[in-house]
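Have a look at the structure below before the remarks.
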Amino acid sequence: VTGFLGGLLGIGGGVIVVPALIILFDVTDLFPLTQFPANTGTLLAVGTSLSTIIFTTASAAYSQIRRGMVEWLVVRRWVVFLSLGSLGSSYVASSLSDTFLKTFIAVLVLFVACVMLTSWKPSPSRDLPGRFLSALLASIGGMVAGIAGIGGANIVVPTLIYYNAPILRATATASAVGPAVALFGTIGYIYRGMEIEVPNAWGFIYLPATISIVIASVLVAPLGVRTAHKLPSAPLRKAFGVLMIVVALRVVWSI
C-alpha cells in the first residue's frame, strides 16, 4: 500500500507508515512506559518511517527519471536545504513531549487529507521562487517532514503545485529529492536514539518494521507510477483523504 500510493499520488509513505506504527505500538504496548521514555514509540515510528522512505522513494525516483518528468532546477535548489532541515529534525523531535509530537503528526496527516480532498487551483501568474526563498522553504519543509517522519513528498508536492508546477512533474520531482531527505533524517534519528537501548532497533529505527515495509514497497512503487500515467487519480485521492482523516483521529485517540 505504501509503495503503490507513493508512486500513484506522490505522497511520502510516511503519511501511512507513521500513524500505522504509532497505532501498532500503542495497541501492542511494545515499548511500555515502565521501561522507556514516553515518546520512544512515536520517535521509533518516525525514524523507522524515514528509513523506509529512502528505499521506496528511490524506486519511485528511478521510474520517474526514466520518464523524464523531474524538474532538475528545483532539485538542485532544494535538495541540500531539505536534507539539512531533515537532519536537524531529530534533535527537535526528541526534545518534544509525546503528546505534542503525536498532535503535530496528526495535524500534518490532516493537512495531507485536505490536499487530497480539495480541488484548489493556484494563481496562474505565480512562478517558482528564487534562490533565497527556495532555500528558506526547503529548510523549513525538511524540518517539518523530518519531525513528522513523512519524508519530503508531502511538503514538496503541495509547494510545487502552489507555484503552478503540473501535478505529474511535482510528483516526479518530489520522488527525486526524497531519498536524500529521508537518508539525512534517518542518520539523525539513528544518532539521537543511541542513548536508549531498544531491542531490534538501531537508534530510533525499528529494524523488523523497516525490512518488511521496504521489501513490499520497493516492489510495488513502480506499479503506482505506471498507474498514475494511465488512470485518473481524483476518486482515489478523495478516498485516501477520507481515510487519512480517520487515521489522524486514531492517532489523537492514542494520546
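Backbone N, Cα and C atoms are what each Cβ position is placed from, and that goes for glycine too.
Here is what TrEMBL says about this protein:
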type: TRANSMEM; residues: 7-28; note: transmembrane segment
type: TRANSMEM; residues: 40-62; note: transmembrane segment
type: TRANSMEM; residues: 74-93; note: transmembrane segment
type: TRANSMEM; residues: 99-120; note: transmembrane segment
type: TRANSMEM; residues: 132-161; note: transmembrane segment
type: TRANSMEM; residues: 167-191; note: transmembrane segment
type: TRANSMEM; residues: 203-224; note: transmembrane segment
type: TRANSMEM; residues: 236-253; note: transmembrane segment
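Sequence-distant residue pairs (6 or more apart) of the transmembrane segment (132-161) and the transmembrane segment (203-224) include fewer than 3 whose Cβ atoms are under 8 Å, leaving the two stretches without contact.
Among the recorded stretches 40-62, 99-120, 167-191, 203-224, the one sharing the largest number of Cβ pairs closer than 8 Å with the transmembrane segment (74-93) is 167-191. Counted as Cβ pairs under 8 Å, contacts with the transmembrane segment (167-191) are highest for 40-62 among 40-62, 99-120, 203-224.
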